[in-house]
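See structure below.
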Amino acid sequence: MIYARFIYAGLLIIALAWVLVADFLLDKLYPYICWEILSWLPWCLYSTKNSIGYFHLLKVSMIFFVFHLLLLLLTLPADFAKGVTLFKNIHRRLWWVKLPVLAVLYALTLLIPNPVYVAYMIVALVLSVPFIAAQVVLLTEFAVRTNNAVVRRIPQGSGLLLLALSVGLLAIAGLQYVITGTLYFFCFPVWPLYLVGFILVTVIVIFSIAIERGSLFVAAVLSLFFTFMVVLAIESNSEFWSSWINDVFSFFGFVLPRMSYCPLEPHFSSYWADFFLGSVFSLVFKLVHSIWGGVFLITAVLMSCFSSFGLAPTFAGVDNPPPVSGFDSGNDDDKESGADITYHYWQFHALMTLASAAIPVAFGTLSSGLFSWYLPVSIIAAVLIGAGLYLWGLAAPSILRNRRFYGGVRL
């Protein structure tokens, strides 16, 4: 099957769209499907009108997590058993088996009581760190390839176009800070986190401009992602950060005061001011933020369809673009062709496994419960790891001048 990776990516994107539709439908149908004695059914147990859609999202996430984990284990031998087509066909063909397996997994999740998904929620939280780091690598490759494509196709006006795109992305990143600052900055003493995010973006932009293999456009794409993740960390548990930051500052004899203005807790004299600045503004922001999470997740999934899975594009830089990795041509299905596999199947399914587990985090739905402290901490840790990977990939060829990096770069 040609381009099997795009089929896997398409299935996951369709599932994400179904999650959004199902969330709306389940909220409306909850009084009927969980009426009285029906509330003891597995898909209704311990759920409410507001949480039944959340549990469904966890179920869809777990389906694809298990599905790609199985494919990861089954395709791992393809790298070693090169004369056997079975493991290659498991990845590329046999859709008449794989699609029914997905359907069966979906049916089975309806029979699993909702409390069981607390265990899966822990798995999703733990795996969010490596996936966010992987997202940084994939978004870097996406930005590098986009930068190179613009330069090739619009040789004369590419510089101006890339500059305009970069300024636009950085403006959106700044707008995220302005909006969320209105919601959270005045409510809780979380400004040190905003400061960390601002410093991180500044360092990335400066390094990308100063190093010859860098690109302002690549820096702008990553800056938008990093500001989103920092804001997501604040939004997921602002009370945790407020308490923790105050504990740190109180150790030095200084306590950050809570501001009096807080649109999350409207207390204006005007009803309409309370309504718009409190309810509507907060609701619209959270909706847009969930869409952003889905956009970044889908971008990473699509990028995995033709990624080299590494720091190679960053090492090579915009002046030495790496060749596009082999597509799923299907030539190596034939033992007599002598063709090797064009990419590591297990590597692709490993990324899809992480992406599936990260669906709840991408939509910001793991913000409460017993492990609510882990999400904001893991996001900040993953952002710092991802930023470190990008900066290392950018600076390594300049630091280690005697080492040959991907693309033949030797300085």
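Here the Cβ of each residue, glycine as well, is placed from N, Cα and C on the backbone.
What TrEMBL records for 6-25, 54-74, 95-112, 118-139, 160-179, 191-209, 216-234, 268-285, 291-312, 345-367, 373-395 is transmembrane segment.
Each of 6-25, 191-209, 345-367 was scored by its Cβ pairs under 8 Å to the transmembrane segment (216-234), and the highest score goes to 191-209. Most Cβ pairs within less than 8 Å of the transmembrane segment (6-25), among stretches 118-139, 160-179, 191-209, 345-367, belong to 345-367.
The stretch from 54-74, 95-112, 160-179, 345-367 with the most CB pairs below 8 A to the transmembrane segment (191-209) is 160-179. Sequence-distant contacts of the transmembrane segment (54-74), counting only residues of its own chain at least 6 positions beyond either end whose CB sits under 8 Å from a CB of the stretch, comprise 8, 11-12, 15, 18-19, 22-23, 26, 43, 47, 87, 90-91, 98, 101-102, 105-106, 109-110, 112, 114, 117, 120-121, 123-124, 345-346, 349-350, 352-353, 356-357, 359-360, 363, 365.
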